Structures are given as structure tokens and as C-alpha cells.
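J.: In case it's useful when we look at the structure, here is the feature table from Swiss-Prot:
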- 98-322: region '3'-5'exonuclease' (REGION)
- D109, E111, D309: Mg(2+) 1 binding site (BINDING)
- D202, D309: Mg(2+) 2 binding site (BINDING)
- 228-245: region 'Beta hairpin' (REGION)
- 362-850: region 'Polymerase' (REGION)
- D393, L394, D584: Mg(2+) 4 binding site (BINDING)
- D393, D584: Mg(2+) 3 binding site (BINDING)
- S396, L397, Y398, R469, K521: substrate binding site (BINDING)
- D582: site 'Optimization of metal coordination by the polymerase active site' (SITE)
- 657-660: region 'Binding of DNA in B-conformation' (REGION)
- K658: site 'Optimization of metal coordination by the polymerase active site' (SITE)
- D666: site 'Essential for viral replication' (SITE)
- 845-850: region 'Interaction with the polymerase clamp' (REGION)
Amino acid sequence: MTIYTSIERIGSNLCERYIDDDGFEHMRKVKYEPTLFIHCNEETGYKDIYGRNCRPKMFDTMGEASKYIKETKQFNEVLGMDDFIVTYISDVYKQREFDMSRIRIANIDIETPSVEFPEAAHAPVPITSIGHYDNIDDKFYVYGIPSNTEWKRESSIVKPELLEKTVYIRCATEKELLVKYLQFWREKTPAIVTGWNIESFDMPYIVNRYKNLFGEKVMNSLSPWGKVQVSTTVNDYGQEICKVNILGVSELDYLQLYKKFTYVTRPSYRLDYIGEVELDEKKVEFEQANYLEFYEQDYQNFIDYQIQDVNLVKRLDEKLQLMLLTISLAYYAGINYQTVLGTIKPWDAIIFNSLKAEKKVVPMMRSHEGGRFMGAFVKAPQVGYHRGIGSFDLTSLYPSIIRECNISPETIVGQLDYEGSLEDRIDKIVEGLITFPADELSNSANGMQYRKDVRGVIPVEIEKVFFQRKANKKKAFEYEQQAIDIQKQMDEQGETPELRAAYEEAKHQAKIYDVQQMARKILINSLYGALGNEYFRFYDLRNAEAVTAYGQLAIKWVARDVNIWLNKVCKTTDKDYVIYGDTDSIYVNFDPLLELTGINKLEGDDYTDKFAKVCETVETKVINPSYEALHKYMNTYERQMFMDREVLARTGFFIAKKRYALDVQDNEGIRKPKLKIMGIETQRSSTPPLCQKGLKEAIRLILQEGEAKLQEFVKGYEKEFKAAPYQEVSFVSSANNMNKYSDDKGNPGKGCPGHVKGALYYNKLAEEHGFDKINEGDKIAVVFLTRNKHGIDRIAYPSGGKLPEAISYLIDHVDYNRLYEDKFIKPLSAISEAIKFDYKKTITLESFFG
């Protein structure tokens, strides 16, 4: 099982690193001779995606091929894949199976002690230690320069199991450290280098430090091909941003993987905070004001700190498996690892490989003019408090629309003209005022028409991935069930080595298949994004709009039919029972029907069972026929609109688009009561932690216990809030545009946003007291202040951290009253006004006079 780990284009060669069948690493240079295609009249066995004949045109070098593309671009003459790394992988690695345990991954972290955080673009201060975990060796290598004392293994606070795997290399000087580390790096050159925030700091700093101390030749020796690319740009905030590319080594910043693939927003992305929320484990704490003092005064804990930093990233991946996810996507698409982080390249390669197998030729990448197109439909909610809410959502809406309408570049027939806005046109289709005479053509709501006699490339590919995901989900479930059965057997009969091994293997296989299904899910969800990206090979603005327009039609169409049915059953006229709709979902007010049938008087499972039956009836009698009728009305290729019941909620409220809360009794058949809160401050990472907790409880009381209980809670919560630690009531933001909003002395200027003021005040105090400053773009926590000797009304500090000891006196000036009003009462008032609740007891004339 030979598999590539890196392929780089350098000059006329493709420079490849690969692992052979026995697990040994190799390098080779290949003088690749690419093939492109041009149209012809004769039959050759090759056709473009439109069915026209093509013949191959071979080139001796990649340079010649690139030159030919450039020279003929204006004539639209040349066809084929112009990314020769993708074509080479496709030629050589037809079966891309891999074994993660054979791919060498380095997890690194560097320390550069200084009073202020040094810029990676200049690397001005020495590197005093480097931590490096090698997954093949399963060891932590730590290179360090002692300061006040030596690092002693027996004095370490690191866990014993980590110490057993730690190899400490003592160095006398920075040059010795860098020379020894370079020797080690070249002996065990990783295929992948990862770590936390290494793209912005560690890797550019290491590269620039080697350049500063030893020159470019030594710097380039970090690359197995002797070539390191360094680029520096200036961002919108005037900061120099340095990016490096060590050719032959893929850089996968774990911070970037976490942001891209976990689909959660955090108030802070500091490793310390992420480690705590994901692993319940933090960095090693230190008392010093900055890293320089930490290094100089406590070298023992300084090295322990480094080991723990590397270990946190290692443990995060053991839990999240984002490295496996990324590598799986890379090999599935047939691209380099780091290319997975791009928006369009994975699908570009997937479609190319699929068409190549059928001797179909992709069009050449063209420059497209971007444009705006209709977005998703969001129905304005019926603001207020509601009972008996059922929601239904469409399965994989945008991918399903692509399949239903057969949307693809080569299936386009044309676009029907229409008067007025697209929104008006969709409404007319819903009203039955527009007809589509040609049965042989599939239609979307924006007038686009597609062939039905051939299946489009895009629908075919998304269907393949869809079914692969389904198969992997099934396998993951089977192995998970197997693990449950083995665990039950061990509980009943006792554990044996054989059963334990079988259990671990089942869990391992379940995780692998789960990662594979997640990889497919990511691909499915990303295709529509690629389709609407002007840099995508198969981009067409009309197709992108055809998808969203049909999505709007699908929701409006079914809402019409649900309303017709409920009005008939409940004997009402023109009542809108669809409380809200958003992209692929509708939220329906079933309370009048539940009242008619007496279901609203039931409790517990009796209520939920009967309510579920009502929704099942609506699915069967209304929704399914509705989408079958839509498919026939629009003459689409095949029906792919399938809507399932999602939540059953006894109560709920809506206050604006994308802002609502539901007391869910059942979610897709799973009886696990919980609150579903969307868009309200409880869900915002900027909301203080204690306010998130307080608002969530207030919402629970509103939905489950009523106004009196809410008033009782708010009265007691105010006392809890004002007695809480300041970190619990701090609100989170980002320190952006600090240079823009400050003068040459670092003072806030005119129009400076409040949170930026707080960061600038903090940095002024940092200069005075010698602790680390807040950097541009950092996540910060902010608190309001009462009168103080500095005359400032707020202070920021690094999110997830605390105020430095030197300015801890400001804790006594935290303005709890203002924070309480602004961060708790203000959002609670917005909810209360919308649902006509009073969050505090008011005295009326009637109550006053008894």
C-alpha cells in the first residue's frame, strides 16, 4: 500500500514524498509529462462534459503545457485539468487507501520569552525552547536553554505517563538549540506539522529565526527539497503577516482545523480555554507578569508548561480526530493535505477524477465575473408566545435541489424570461399562475431549464458522496452497537483480555467510520458553496441562484399546503398556521388542532405520543403529496424534496427572524426534553458566562413555569450576579482596529468602539507595569468600571485569562450595576416585551387597593 504524503511542483519536476508498502519513507523527483485536450471532429473515446469529441495533446514538460494554456486562453481552445499535482496523483494513486499510523506528524510549540509578544515576521527575540511530539516515536522531544535552574524530571508536575515519553535535550545557547533541532528535524522530517496557532506564529517564527541567525541556505534546509517560501503582507490593521511554506511538509494548524470542522463558536480560541472546555484540562499556570519573567524565574515550570501545551493539542486530536478527518478528505479527493482547507479545490479534484474514469474531460478553469443572487427564504415570525409547535425540515436541502433539478453546467438549456422580481415570480408559481409547457425540461424557480435526458456531472458526484456517507454512517452504527453489546457482556460475565481487545477494536472502527461519514457530510455541505464561488471551475451564477430560488419555492410551496389543510381541519379561514420558516424548515402552530382533539390537556408521553401522531398525519397526508406535486409541476428530473418532522415543543416564543426558543419534548423521535434556543444572547459567545446561564434559566421558566416564577428568579438572580467573580460577568469581543482608533501614544481616538477602548487602556497599563499587551485581533474580555484613579470607564483583558496582579486593584471598581442592566436586563426585556411578560413584579392600582 504505497501512498503519497506530499507532492510539490518545483520547476519542471514534481517532487514527491511517499511511504512504500513496508512503511518506509522515500523521496523522488518526477519529470512529469502532462496531457491536456483540444476539441476535434473524429471519435477518440474522449468527450467533454457537453458530449463533444476531444483528443489528447501531450507535453514534454509542465512548463510547456502551462505556456500553451496561457497562449490559447482567449480562444477557449484547451481543455483539461491544469493542476498537474492533481493529475499526477490521479495517474499514480488510483486506490488511495492509507494507514494513519505510518504518516509522521509533528506537533510543535516554541517559546520566545519577552515582555511583549514578538512579531513572527521579524523573529526579534531568541527561541529558548522547542517542544515537539513525534507520533511515530510516540515521544515528546523538548529542546531547552536553562535560565535560573536546570529542569529536573523528578521535580516535574507533568503527569508520569507524559514524563515517561519525554526526551529532554539541554542546550547552552540558542544557536546550539537550533542546530540540534535542525538535525533532529532532518532525521525525522514530518509529513505534517501541526500545533496551536502555528500558521501565524510558531512556523514563521522558526523559519525567520533560522534566517536571522544562519542565513537563507540553512533556513531552506528545513525543507526536504531545500526550498522554503516566505511571504509577508500587511493586513487591514497595519500588521505584518508572515506566511511560510516548507515545501515537502504540510502545515495543518490545529487552531484552523478546530475553527473549520467543529462548527462551534467559542468566546476565546486560546489553547488554555479550548483545553478546558473540550478536555477539562488547562495549561500549566504561572504567577509572573510575562513570559520573560516566567522563563528567568521558574525554568522548571517553564519546561513543564511547554510539554503540557504540546500534550493539550495531542489530546484534542485524540478526542476530535480532526487530523484523521483532514487526511481522509485529502485522499478521497486526491489532493495534498493542506489543500483540504480550501473552499473549491476538493470538489474540483473529486469531479475531475470521476470524469476521468469515464473518459470525460473537464473544462479549463476560466475567470468568471462574480455577482449577487437570491439567498435563502426566512419568513418573518409571528412574534410572541405559542403553544403546540411542530417543526419539519427538508433533508440536505441544497444538495437535494441540485439532484432534483439536475443542475449542472452541461445540462443547461436556457433561462425563461420573466417580468418583475424573482420573489414575485416564486409567489406566482406557488399560486399556480406560471406553467411549464416542456415536459422534457426540468425547471427551477428562477427560470433556469435543464435537460432530463442526461444526468448532470454535479448531481452524479453529490449522489455518490451522499450514498457513501449513508454507508459509513451505517457501519459506524454497527460497530458502536457491537461495542455496546461487548460492554454488556463484560458487565454480566466479567472482563477478559479478549473481550477488552474486541471492545477497543469495535470502538476504534466506529470512530473511523464516523470520521469518514463526517468527511462526506462536510463535502456535501461544501458543494453548494463551491457552486456559488466565482473561482470554481463549474461556476455559473444562474445555477447558484437556481438552487436558492428553488429552496425558497420549496418552503413557500409546502407552507401553502399545510395552511390549506389546517384551515380545513380547524374550520378557520385564511389563518396562517406557519409561525416561522427558515431556509429548509417550517414551524407550525398546531395548538388549535390539539385543542380541538383534546390533546393539549394531556401530559408527559401521552401528550407527546398523540402530538407525534398528528405530525405523522401531516407528513403523510400533506407534506409528501405536496412535494410530489411540486416535482410534477416543475417537471424536475426526479423528486428529492423529502421533509421530516423535527421537533415537538409544548411551548415556545419567537421575537425576530432567527431569534426564538422552544421547550422541546421530542426531537426526531428522541424523547429527551431540552430547550432549543436560537439567536438569543444565551447562544452568543460574547455574552458573559453568568448571563448565558441566567438568561437560559429565565427562558426555561418562561416556557415551563410562567411569569410569577420568572419574577421570583430575577429578584434572586440580581444578588447572585453582583456577588460573582468579575470573569463570570465579563463580555467577550475582539481587539480589532486598535491602530485605527488610537493616536500615536496609544490613547483611544474619536469614534473608538468601547471594547477597543478597553484594550487600549489595558495596553497603556501594560507599558507601565511590564506585563504582556493585548495584540491586534486577540479575543478579549471586557468589564465596565466605576470611578477610579485612571479615569477609565472599562478595562479589557485576554479572554480566558484574568487581570494581571499589578492592576488587580481594578477588580474593586467593576461596575456590576451597569453590567447587570446591559448584559442581562436588556436582552431579557426584549424577550419580555415580545411575549407580553413582566420580568419584575409591578404594582397596579387594583393590587395596591386590594
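We count from 1, first residue shown onward.
Glycine is treated like the rest: Cβ placed from N, Cα and C.
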J.: What is the separation, in Å, between the Cα atoms of L394 (Mg(2+) 4 binding site) and K658 (site 'Optimization of metal coordination by the polymerase active site')?
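T.: About 17 Å separates the two Cα atoms.
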J.: Work through the recorded positions one by one (K521, K658, D666) and name whichever has its CA nearest to the CA of D309 (Mg(2+) 1 binding site).
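T.: So, spelling it out, the nearest of the recorded positions is K521.
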J.: Out of D202, L397, R469, K521, D666, the recorded positions in the record, which is closest to D584 (Mg(2+) 4 binding site) when you go by Cα distance?
T.: L397
J.: Summarise the model's confidence over the region 'Interaction with the polymerase clamp' (845-850) as a mean pLDDT value.
T.: 51
J.: What count of other C-beta atoms do you get within 10 angstroms of the C-beta of D393 (Mg(2+) 4 binding site), across all chains shown?
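T.: Looking across every protein chain shown, the total is 18.
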J.: Compute the C-alpha separation of D202 (Mg(2+) 2 binding site) from D109 (Mg(2+) 1 binding site), stating it in Å without decimals.
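T.: Each residue's Cα considered, D202 (Mg(2+) 2 binding site) and D109 (Mg(2+) 1 binding site) end up 7 Å apart.
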J.: For the recorded positions D109, E111, D309, D584, D666, which Cβ has the most other Cβ atoms within 10 Å, all shown protein chains included?
T.: D109
J.: Please spell out the DSSP helix, strand and coil residue counts for the region 'Binding of DNA in B-conformation' (657-660).
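T.: The counts are 0 helix, 2 strand, 2 coil.
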J.: Which ones in the same chain are close to D582 (site 'Optimization of metal coordination by the polymerase active site'), with CB under 8 Å and 6+ residues apart in sequence?
T.: A376, F377, V378, K379, K657, K658
J.: Applying the rule Cβ within 8 Å of the centroid of the Cβ atoms of D393, L394, D584, what extra residues of the same chain belong around the Mg(2+) 4 site?
T.: F392, T395, L397, I555, T583, S585, M643
J.: Across the region 'Beta hairpin' (228-245), what are the DSSP residue counts per state (helix, strand, coil)?
T.: 0 helix, 13 strand, 5 coil
J.: Compare the Cα of K521 (substrate binding site) against each of the recorded positions D109, E111, D393, D666 and report the nearest.
T.: D393
J.: What is the nearest of the binding-site residues D109, E111, S396, Y398 to D666 (site 'Essential for viral replication'), using the Cα of each?
T.: S396
J.: Under a criterion of Cβ-Cβ distance under 8 Å and sequence separation of at least 6, what residues of the same chain contact L397 (substrate binding site)?
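T.: G551, A554, T583, D584 - these are the non-local Cβ neighbours of L397 (substrate binding site), listed in sequence order.
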J.: Would you list, in sequence order, the residues of this chain other than S396, L397, Y398, R469, K521 that have their CB within 8 A of the centroid of the site's CB atoms, where the site is the one recorded for substrate?
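T.: After dropping the recorded site residues, what remains is T395, P399, S400, F466, I524, N525.
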